């Protein structure tokens with residue numbers, strides 16, 4: 001199907017020509033650059049003869065009519081914003097894949113059983129506005145007034161301000177009613193090494209892991225002279241933190257061995273302020289911890305162990321006090337078993353089914369009652385970085401699987 | 001002895017009136033401020049009728065003649081530079097105590113058995129010029145040409161340049177011959193909580209701990225997505241570092257239990273660069289480690305354990321690689337058992353004998369073959385900080401002990 005591959009290559013190339021200067025690709029949420037990337041998709045969709053619609057929040061929809069216009073449509077898409085110095089595929093691949101599906105159906109003269117709606121969301125990367133799935137939630141009629149007041153991390157200005165800059169109407173977006181639940185498919189790079197290591201081109205996603213996070217935890221101890229302070233009497237914040245991390249590492253292995261899904265990451269550890277020095281017992285340390293699982297019970301169990309260790313360490317090390325700060329939670333979301341069956345059949349039963357560690361728009365749609373699924377495409381060199389790698393041929397195979405699943409609904 | 005207490009109070013007050021604006025006391029090494037503090041001591045010494053001499057490196061000597069002018073003199077003193085935003089006693093206490101000893105002998109009309117030389121060194125705080133005991137080593141004829149080229153951390157200019165600013169002759173300082181070994185006594189705050197906790201005013205120091213340090217070690221791992229990367233396959237630099245710190249904490253307890261003297265401090269831990277993030281498996285971490293002991297064998301044993309753990313962790317965690325960087329060592333120095341006996345007798349056998357964790361000028365004199373000792377004075381609120389606390393009455397008791405020991409030599 002050269003039309004699938006051609007569409008993918010052309011769209012990725014046109015979208016990735018847009019971004020800030022510097023390493024990798026940078027298109028902030030609700031920026032002119034994100035809008036320009038949406039314009040490329042609108043242009044391509046109109047060239048295929050599709051009707052293009054934008055909602056008040058700036059999400060884009062391009063509709064290919066199906067045979068049954070009254071049945072729930074199949075939305076296919078992803079987002080076009082990126083993290084700072086991100087990669088060429090996170091988000092882009094799903095949009096290119098959605099358009100390629102429609103282009104292939106048109107090229108073959110196949111009318112799909114229901115409407116296919118290419119869906120391009122806004123503001124999926126929460127590094128800019130620290131709130132999850134902003135664009136999707138707007139489209140789903142799920143914004144609260146507080147969402148409009150979230151400030152972009154680089155500019156310090158509110159979401160409402162940035163929307164107005166782009167000619168969007170924040171109040172109108174806030175008033176959008178929830179649409180009737182339909183169907184949603186997001187193709188996305190895996191952002192992990194599983195498919196690459198297994199030499200598999202794509203896979204079905206069973207659910208999106210939830211998270212439980214302390215983003216700005218601190219340990220308070222007592223500053224002292226590294227030569228003068230005896231071991232007894234020290235309240236060393238770094239030793240206390242190492243104790244916690246080491247214990248959570250062991251507990252994580254134990255929970256995995258017991259068959260629970262879990263990931264534990266201490267992404268930032270900071271005992272490197274101007275006050276820290278080689279010859280000082282550290283009296284302070286900062287850290288963040290990110291727990292992820294496909295089951296809320298496992299998140300709570302891991303969190304209980306974290307709290308247990310904090311209490312144990314405070315008791316064992318007089319002078320040490322943890323301040324875990326605010327915790328934020330996102331609920332694990334199960335994706336559609338109906339879609340899973342359909343995609344599996346379309347691929348001849350050969351597709352791996354796996355959870356998604358990262359959060360995705362599909363989770364917002366699933367949480368709103370949509371019949372939602374994801375297809376992961378093999379990638380390498382990590383994600384959210386300029387080195388992020390993907391073979392467009394793998395994406396084309398994923399589109400092929402989706403196309404067969406959609407057309408099989410006619411049978 | 002009100003003359004002891006009066007001298008202490010007046011000298012501390014006059015010296016501590018000199019310093020940079022801002023929190024605490026700041027008198028950089030080889031600065032006009034350090035020179036001004038020396039001038040106060042010269043003024044006070046001349047007021048007592050002492051002959052004042054400065055060597056080419058700017059160290060100050062004020063001599064009270066003793067009965068036996070040919071016997072090795074007893075040098076008593078410390079330094080007057082401070083760390084940035086340091087305290088009111090680290091260094092100052094020893095100089096004030098030395099002058100108070102001489103003032104008391106004069107007030108009582110006692111001629112000491114040998115010459116007493118108040119000795120005020122330069123550049124003891126190596127945060128300015130990163131080289132140990134610069135002033136003392138100059139006085140001991142132990143400078144190398146490389147010492148003159150050491151650059152001050154704040155100005156970036158060489159020691160030679162800063163000396164010339166103060167009217168000193170670096171070449172002449174470099175040429176000073178080693179003097180015949182004599183005797184050296186340094187009174188200094190403890191910089192630790194031992195005496196404060198034990199409610200003891202002062203103690204005899206048995207030796208100055210040596211150190212073995214890695215000042216800029218790094219761990220290299222693999223960056224990954226915290227949700228997408230499975231546990232197997234991760235190379236998490238923070239988990240690896242926590243493993244090392246936790247293991248060294250346990251080994252430290254074990255070595256102490258086996259009767260070895262040791263302190264283990266990871267004063268800086270840095271996994272907080274712009275690239276680190278809550279949702280990323282950390283691919284890099286920096287740290288420093290400071291091992292201290294009164295025995296070289298214990299330092300080497302602790303270092304061997306560190307290297308053992310590094311190798312173990314690298315083997316257990318594929319993708320993790322430690323780069324410990326340069327190591328710097330200072331040799332533990334034993335202080336005089338003869339002085340220890342004399343001071344102990346002078347105090348009626350009640351004084352604690354303890355090692356010094358921090359480095360001090362006395363170590364340089366001992367290393368040059370001098371009969372050197374230290375007296376620790378109780379302090380609190382740590383050291384090298386504005387809160388550094390000391391009771392001048394404790395310092396007066398220490399001077400009293402020293403005076404009795406000196407006069408007992410007549411017997």
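Heads up, the Cβ atoms here are built off N, Cα and C, so glycines get one too.
Any TrEMBL annotation is an automated prediction that lacks curation.
According to TrEMBL, the features are:
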BINDING   A:79, A:90, A:188  Zn(2+) 1 binding site
BINDING   A:90, A:125, A:384  Zn(2+) 2 binding site
DOMAIN    A:217-312  domain 'Peptidase M20 dimerisation'
Self-check item: For residue A:384 (Zn(2+) 2 binding site): intrachain residues, at least 6 apart, with Cβ closer than 8 Å
Solution: A:83, A:86, A:87, A:90, A:191
Quiz prompt | Subset of A:79, A:90, A:125, A:188, A:384 (binding-site residues) with C-beta under 8 Å from chain B | solution = A:384
Quiz item: Counting only other Cβ atoms and using a 10 Å cut-off, which of the binding-site residues A:90, A:125 scores lowest?
Solution: A:125
Quiz prompt | Neighbour-count leader, CB within 10 A, binding-site residues: A:79, A:188 | solution = A:79
Exercise. Return one of helix, strand or coil for residue A:125 (Zn(2+) 2 binding site), based on DSSP.
Key: coil
Quiz item: Taking the Cα atoms as reference points, how far is residue A:125 (Zn(2+) 2 binding site) from residue A:79 (Zn(2+) 1 binding site) in Å?
Solution: 9
Exercise. Excluding A:90, A:125, A:384, please set out which residues of the same chain place their CB within 8 Å of the center of the CB atoms of the Zn(2+) 2 site, keeping sequence order.
Key: A:82, A:83, A:86, A:87, A:91, A:127, A:383
Quiz prompt | For the Zn(2+) 1 site built from A:79, A:90, A:188, further residues of that chain with CB within 8 A of the site's CB center | solution = A:78, A:89, A:91, A:92, A:93, A:94, A:124, A:186, A:189, A:360, A:361
Quiz item: Looking only at the domain 'Peptidase M20 dimerisation' (A:217-312), what are its DSSP counts of helix, strand and coil residues?
Solution: 38 helix, 29 strand, 29 coil
